[in-house]
Amino acid sequence: MDNLTKVREYLKSYSRLDQAVGEIDEIEAQRAEKSNYELFQEDGVEEHTRPSYFQAADDSDTESEPEIEDNQGLYVPDPEAEQVEGFIQGPLDDYADDDVDVVFTSDWKQPELESDEHGKTLRLTLPEGLSGEQKSQWLSTIKAVVQSAKHWNLAECTFEASGEGVIIKKRQITPDVYKVTPVMNTHPSQSEAVSDVWSLSKTSMTFQPKKASLQPLTVSLDELFSSRGEFISVGGNGRMSHKEAILLGLRYKKLYNQARVKYSL
């Protein structure tokens with residue numbers, strides 16, 4: 001207490017007391033504006049490196065915004081979506097499916113057979129929507145069917161639809177031009193001795209009936225074909241025997257099935 005009393009008495013007689021108080025107030029005002037960290041530095045406290053989590057927080061604050069902008073175009077999977085084993089989810093398609101118009105053929109017509117003073121005409125309507133290559137294939141198919149009529153009677157053929165197309169069959173096909181093997185007899189007949197069977201076009205061949213009540217069937221190539229060209233066009237050839245040519249004519253005229261029932265062909 002004595003010391004404190006002495007200090008008070010001394011301050012009363014201190015001539016620069018007001019100046020000292022003002023300096024103290026100014027120092028206190030400056031200290032109030034500074035952070036505790038800065039005060040520690042002024043007081044000589046040793047500066048330590050800032051903890052790593054402060055640095056990480058600062059880095060994340062400065063880099064988070066550009067990183068979000070850079071990843072805006074990337075696909076972010078939904079964390080709440082149900083995960084399926086083996087399934088890797090990727091970005092969804094960013095385009096919409098194009099609308100495709102489907103048009104069903106409505107103007108197609110059944111084949112029509114027309115007759116006039118010039119003859120007969122069969123009209124086949126081309127299917128709609130075919131490409132150039134498909135149209136060519138369709139026309140080639142029709143042409144092949146027409147050409148095949150030279151080697152068999154289409155009216156006697158069977159028509160079968162399959163998964164790959166159409167199958168046309170006939171049990172007994174007329175002899176092929178390049179595969180005919182003449183039957184050689186011990187005593188060759190006149191028809192086998194000639195070089196061209198059409199030279200016997202006016203010669204008749206007789207087939208005996210299976211029943212006594214019927215008359216024998218006598219027929220010639222001239223009666224079955226109008227010309228040698230017609231005979232060749234349906235599969236005939238000069239190397240055929242006379243009987244083979246006659247049987248070909250009966251098939252061509254659609255008389256073969258009826259004749260083989262009544263006569264020994």
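Glycine residues also receive a Cβ, built from the backbone N, Cα and C atoms like all the rest.
The region 'Interaction with N(0)' annotation in Swiss-Prot covers 1-60 and is backed by similarity to another entry. Annotation source Swiss-Prot lists phosphotyrosine at Y14, citing similarity to another entry. The region 'Disordered' annotation in Swiss-Prot covers 42-74. Positions annotated as region 'Interaction with the L polymerase' by Swiss-Prot, on the basis of similarity to another entry: 49-105. According to Swiss-Prot, the compositional bias 'Acidic residues' annotation covers 58-70. Here Swiss-Prot flags S60, S64, S226, S227, S233 as phosphoserine, drawing on similarity to another entry. Among the features that Swiss-Prot reports, phosphothreonine is placed at T62. The feature region 'Oligomerization' is assigned by Swiss-Prot to 109-170, with similarity to another entry given as support. Annotated site 'Involved in oligomerization' per Swiss-Prot: W138, T141, in sequence order, evidence recorded as similarity to another entry. Swiss-Prot lists 171-193 with the feature region 'Hinge'. Annotation comment: Swiss-Prot describes 245-265 as region 'Interaction with the Nucleoprotein-RNA and template-binding'.
Across the region 'Hinge' (171-193), mean pLDDT in this model comes to 50.
For W138 (site 'Involved in oligomerization'), applying a Cβ distance below 8 Å and a minimum sequence separation of six or more within one chain yields L126, P127, L130. Distance from the CA of S227 (phosphoserine) to the CA of S233 (phosphoserine) is 10 Å. Across the region 'Oligomerization' (109-170), DSSP assigns 20 helix, 20 strand, 22 coil.
The distance from the Cα of T141 (site 'Involved in oligomerization') to the Cα of S227 (phosphoserine) comes to 29 Å. The secondary structure of S226 (phosphoserine), as reduced to three states from DSSP, is coil rather than helix or strand. Considering other CB atoms within 10 Å as the measure, the emptiest surroundings among the recorded positions T141, S226, S233 are those of S226.
Residues of the region 'Interaction with the Nucleoprotein-RNA and template-binding' (245-265) grouped by DSSP class, helix first, strand second and coil last, total 15 helix, 1 strand, 5 coil. In the three-state DSSP assignment, the secondary structure recorded for S233 (phosphoserine) is helix.
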